[in-house]
């Protein structure tokens, strides 16, 4: 799995899945879940760095780094995201009571999450220099942080994809609430890579802004 040896280490196994493992690293929380079908090479690097390669075009996984408790936060990240097929780069997290799985999608592969007959679209919102589409859908008897369960998903999907920048999570939480999508008590929040029956690779650095090119010096 390519984990660093860190302590303490918490293992959380989900019903009917291969399991989740998670550990704090230099003040960051590391989480890795797979259904056991995806072929994955992953590395939990120093500080906010992590990488993942996946292949085989089958299976589902969610891997990322962030915080053990979600909150209103300005999430800064940079890196590369190169899916072949369906994949997501997102701020990803869970709440309990109610149980909710949420995504703030920054980029995606072949499949846009809103292109789903089960999706219930809400109004758009503007945040951090971009427009996001808000949607929700229900998951029935699916893996969750509380085992197999039925729960809602909340989504904000950036209309112009990007890899790197700042995501102000509180703006999304407020917009969801304004649309009747209530969150519960926050569990973990990570900058995540998800793959679904696809291949690809990603390198992400949480807490580091994208590099900028300086303007040429006049001569």
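The backbone N, Cα and C atoms fix where each Cβ goes, glycine too.
Annotated features in TrEMBL:
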type	residues	note
SIGNAL	1-22	signal peptide
DOMAIN	16-207	domain 'GH11'
ACT_SITE	101	active site, nucleophile
ACT_SITE	194	active site, proton donor
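Rounded to a whole number, the C-alpha distance linking residue 101 (active site, nucleophile) with residue 194 (active site, proton donor) is 13 angstrom.
Listed active-site residues: 101, 194; maximum Cβ neighbour count within 10 Å falls on 194.
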